[in-house]
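Notes for the one structure printed next.
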């Protein structure tokens with residue numbers, strides 16, 4: 001478990017693995033190759049955000065802040081940010097200042113929390129902050145309020161490269177995530193890697209199989225008609241392969257996110273993204 | 001209820017300007033069941049109107065097939081400075097009116 005890893009103080013910075021499937025990218029379908037040739041951001045190494053696979057209408061919806069519904073959540077987040085909360089009657093803004101001060105923060109989550117000795121994602125960090133500094137109850141995972149605050153913080157890193165945490169303990173967490181990513185599960189006995197590495201760019205019925213880079217979370221999916229976090233998306237896939245999903249906010253999901261973020265290192269943050 | 005409205009702050013006389021609005025609303029169809037197995041009552045925004053210079057310039061009727069968080073975009077010819085007034089009403093009886101100034105000249 002990640003919590004038992006010894007701290008390697010002053011040790012070498014964690015090595016972030018490049019995507020293990022770069023050599024396979026050459027075999028990708030024409031659609032992805034076309035997107036890459038079209039000058040997709042960060043496409044030199046074959047990695048491509050799902051944004052590049054979307055229809056022009058959906059890309060336009062994401063690009064215009066007046067048509068991107070994710071910004072509605074950010075707006076609610078702004079209100080919550082300024083509102084005194086919990087027994088201590090203190091607002092996020094009183095310690096952190098304006099939300100803009102959080103620029104770049106979301107780009108390196110999940111990160112290590114010394115106090116609890118475990119890896120936490122951005123939503124869990126917000127909840128820890130509520131408990132420790134506001135004397136407030138943690139918000140329910142996936143709730144409107146937690147999504148609103150997470151969206152607001154993630155929005156401040158839009159356009160910045162994903163820069164995974166350099167905490168030495170995170171290396172073991174990423175290892176755990178990579179193991180989960182390649183573990184076959186469910187009645188269909190598929191691993192994440194089966195589709196998102198080996199078959200990315202192919203089709204699952206009408207949908208193009210994405211490379212699974214978590215660049216835009218929390219994101220607004222048209223199928224959900226609301227914002228959702230990465231946990232929800234991962235549960236979606238787990239239910240799809242008929243596996244028992246991990247619990248929301250569980251260490252398994254944090255580990256998977258940590259691995260996916262390292263796999264997407266350097267790619268541009270797009271939260272709040274639109275996805276079909 | 002979160003809402004985002006985009007009306008250009010300034011415009012030249014006779015300029016055609018785009019008004020954009022996105023409203024946070026579940027647009028509950030009335031066909032879904034809740035966790036208790038009962039139908040969730042229908043609640044959609046069924047009408048949105050836009051008034052400018054004391055005159056209705058845009059009206060939309062909405063139906064249950066319209067997705068949650070509806071987005072509208074339409075064009076208005078800027079003629080004189082004033083307020084662009086958008087109002088909508090949903091089936092829970094909530095009426096919301098928002099105004100945005102526009103300066104023409």
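Each Cβ is built from the backbone N, Cα and C atoms, and glycine gets one as well.
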Listed in TrEMBL for the heme c 1 site shared with A:92, A:95, A:96, one of A:129, A:192: A:129
Residue A:233 (substrate binding site): tally of other CB atoms within 10 A of its CB: 18
Minimum Cα separation from residue A:92 (heme c 1 binding site), reported as the residue among binding-site residues A:192, A:195, A:196, A:233 that achieves it: A:233
Cβ contacts of residue A:196 (heme c 2 binding site) (under 8 Å, same chain, 6 or more positions away): A:209, A:210, A:211, A:212
Secondary structure tally of the domain 'Cytochrome c' (A:176-269) (DSSP, helix then strand then coil): 35 helix, 13 strand, 46 coil
